[in-house]
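Quick look at what TrEMBL lists:
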DOMAIN    147-188  domain 'Fungal lipase-type'
């Protein structure tokens with residue numbers, strides 16, 4: 001039995017009582033249900049059925065039941081799942097739950113699987129022409145299917161008790177879905193684990209804080225100047241779209257030692273630095289232009305950077321994976337399992353984009 005697939009061996013078995021009002025518990029449950037999607041796909045690949053299947057414990061421990069799996073149209077893999085909260089269901093006596101913030105449904109997406117049956121399709125979505133690196137993931141059928149499922153849940157049950165979550169590639173899918181819903185003035189509670197940030201990882205590769213801040217501030221002014229040179233006529237749709245995205249505040253979970261997501265730390269720190277030196281208007285120009293690109297993208301003309309998220313709660317795991325060293329440390333820093341550990345050292349900060357700065 002693979003240890004990472006077994007809830008009893010690798011899962012948060014210490015969570016015997018869940019307080020839905022506690023952010024730490026919410027994070028742990030969301031991460032566990034994402035892991036459930038990974039294990040569902042590995043169960044499928046290894047033909048583990050009945051008592052041999054391992055995915056069940058990852059969601060049933062928290063009183064959820066699986067109501068739908070999302071299958072990829074090209075490789076038939078399970079890339080997502082819909083879970084329904086069922087506190088009176090099986091095992092209800094094992095983990096008493098309390099708190100008013102419990103979700104009714106969770107839509108979860110796994111990330112890249114480096115198995116023989118998944119690697120080609122998943123890597124294409126990560127690095128291919130129609131993938132994350134080229135900001136074209138929104139054109140893929142996984143995103144379109146996920147949006148259909150989320151739309152159905154929201155239209156049937158309302159968005160207040162629906163959670164959206166994903167890890168790595170799955171977090172990228174969830175970001176696009178969350179932005180789409182926000183564009184319709186619907187704000188789905190979202191937990192995004194190790195979301196990809198397409199950039200040189202300055203946060204990890206440069207040790208000096210002053211140098212990192214200097215590079216980011218200079219880059220900000222450079223971007224703002226470039227935008228001004230190519231400035232298009234302001235449109236009501238872009239302003240409205242920005243206001244809607246500003247009101248969506250997802251939870252981002254990143255690790256300083258993870259090359260794939262660590263630059264989110266710098267992305268939000270640059271905004272604070274810009275504010276400190278009285279250059280908030282420069283950041284507003286950059287952000288507004290990115291959202292304008294989002295408006296164009298829905299028309300099929302241009303795409304928008306995945307990381308353009310005006311407001312977020314940034315949760316940084318300060319437990320340094322690099323103590324293990326090199327590539328292994330980086331891989332550990334990207335794993336979903338870190339987010340349900342008891343000894344996690346998470347530092348959280350709420351970043352809100354000030355609406356007035358956009359009205360330039």
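Here the Cβ of each residue, glycine as well, is placed from N, Cα and C on the backbone.
Where the annotation comes from TrEMBL, it is an automatic prediction and has not been curated.
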Within the predicted model, mean pLDDT of the domain 'Fungal lipase-type' (147-188): 96
DSSP-assigned states of the domain 'Fungal lipase-type' (147-188) in counts, ordered helix, strand, coil: 26 helix, 6 strand, 10 coil
